[in-house]
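Below: one structure, written as structure tokens.
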Amino acid sequence: MPPTLRKNIQSNSNADESSDMTFEVEQDAGGKGGKAPASVWGLWTGKKEFVISQLKVILILAFAVFGDRWEPSYPRNDNHNMTLFWIGHAVLLVCAIATWTRVPPRNGSNRVVLLSRPQTEEWKGWMQFAFIMYHYYRAWSAYNWIRVFVSSYVWMTGFGNFLYFDKKKDFSIERMVSMIIRINYFPILLSICTGVSLDLYYVVPLHTVGFFVTLVTCWVSIKLETMAGLSYWKSRIAAVMLCLLAHVLFYETKAVDVLLFFSKEIHFRFQADKYSAWIGIVCGMLMGKASEYMAWAYGSVDRPLVQWAQRFLGVGLILTWYKGFGYLDDKYAYNPVHPYVFIIPLLGWLMVRNSSKYLTECHSTFLEFLGRNTLETYVLQFHLFMNHSVQHIPIIIPGSGADGSNLLRLLNMMLCGSVFVAIAVQARKITVSTQTTVVEVVELMLKKVRGQPLVEMAEEDPDEEMKPMVIDTSVPEPKTIS
């Protein structure tokens, strides 16, 4: 008789954790009620979805190649225009205000959520917009700010993955495969098809290495706790300090020159963010304490003095960075100090953004949407929003070239941007589909190799490594082109 499929779904009460889903395949063998061995291929429910996704990605890659070679175009250096750069940000601000949404806690509780998922996506969204506009309009004067934004992305990698690993203790092969596909699958295909070096997508290796640095650090901390008998805090601090020692021995010695084996660009980019993921890990370790403070400051009691003190301190941190370092016009003077000071404005922003219970519950849905597609918009900007490997600006509207009016150039930018974002959204969906289906078959293969019963993988949010932060107060601990 044909296989019968049994689905057992266990709903998790935590909103961040997906349901656990298992499947068992039983088949009568010769009418005697025996179980026939199930094959990986037969249990791989996502094989059709996988094939369809690969056909779709071929179309997107073809479109990217077509856009990268599009003519007419003009050199990007001729597109320097700070007026349009700031007009674009003014439009973004209007969109953010128009889509400002409040999502209060369920049942009217006093729970204060620090760095909720929507807020962190919003954060990524406006930083990504600034990042892309910086490239598009050759906004050289914003260089130091953009460096802070890039480092903030890498900081999130250490921060969010620490919370994930520290809470779930999931160091599985499946988890690693999931991350590798999510971050690297589309950029590698795009690099091959367009013929550009992966150096252009340098954020991709930064995120990848940051993920594994965090994974190893958390694995060591768990082993120190479970095998060496250290307390929670002693084991975490010891692992974090070992991680710091490894960073110092590599980045502050000649050992760092091994990165020249890959390229000078990688050598520079990794040094610019050499401590970003590590600082994120430290902040993740302190997240529980920060959440306790938020519960005290903004929970059941209104403390306006605390709110304003936090705001003034946050603004003060941002101004301190700017007056000390951010004002520097020479990027070669700023770059050496950046890895050590970027955390100052980052913490300042987080203090301002989370300076009341109301602000922690609000976000812009438009910016959140942009933030959910940052990886794909990052890599596709070089071939669709700009082209000829980011050296030119495509012209779709006649008269919108370097000598065109600001209005026509703005309209051309908006048209190119709409097409570019629409394709990036589809690229993300395809990547997530590929990720989930490949992880499913990898888990089935591993179970077969280990001699375990073939069961379907637990469903998991495919973007978890990119979004790490929905933490509530009940949790004690979870090439920029210049």
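Every residue, even glycine, has its Cβ placed from backbone N, Cα and C.
The compositional bias 'Polar residues' annotation in TrEMBL covers 7-16.
Sequence annotations record features per position, and here TrEMBL assigns compositional bias 'Acidic residues' to 17-27.
The domain 'Cas1p 10 TM acyl transferase' annotation in TrEMBL covers 45-439.
Annotation source TrEMBL lists region 'Disordered' at 1-34.
Per TrEMBL, transmembrane segment is recorded for 50-70 (among others).
TrEMBL lists 82-101 (among others) with the feature transmembrane segment.
Outside the transmembrane segment (145-164), and at least 6 residues removed from its termini, the chain residues within Cβ reach (under 8 Å) are 120, 123-124, 127, 130-131, 134, 170, 203, 206-207, 210-211, 213-215, 217-218, 272-273, 276-281, 283-285, 287, 321, 326, 334-335, 338-339, 342-343, 345-346, 374, 464-469, 471, 477-478, 480. Taken from TrEMBL, the feature transmembrane segment applies to 145-164 (among others).
Summarising the annotation, TrEMBL assigns transmembrane segment to 185-204 (among others).
Sequence annotations record features per position, and here TrEMBL assigns transmembrane segment to 237-263 (among others). Residues 197, 199, 213, 216-218, 220-221, 224, 230, 270-271, 274-275, 278, 281-282, 285 of the same chain sit 6 or more residues outside the transmembrane segment (237-263) yet have a Cβ under 8 Å from a Cβ within it.
Residues or ranges marked as transmembrane segment in TrEMBL: 275-296 (among others).
The transmembrane segment feature in TrEMBL is assigned to 332-352 (among others). Remote same-chain partners of the transmembrane segment (332-352), defined as residues 6 or more beyond its termini with a Cβ less than 8 Å from a stretch Cβ, comprise 115, 143-144, 147-148, 151-152, 155, 271-276, 279, 310-311, 313-318, 320-322, 324-326.
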For this session: Report the mean pLDDT of the predicted model across the domain 'Cas1p 10 TM acyl transferase' (45-439), rounded to a whole number.
Result: 96
Exercise. When only pairs 6 or more apart in sequence are counted, do the transmembrane segment (185-204) and the transmembrane segment (50-70) reach 3 or more Cβ pairs under 8 Å?
Worked result: yes
Seminar exercise, completed: Sequence-distant contacts of the transmembrane segment (50-70), meaning Cβ under 8 Å and at least 6 residues beyond its ends, amount to 186, 189-190, 193-194, 380, 382-384, 387-389, 394, 423, 426-427, 430-431, 433-434, 437-438, 441
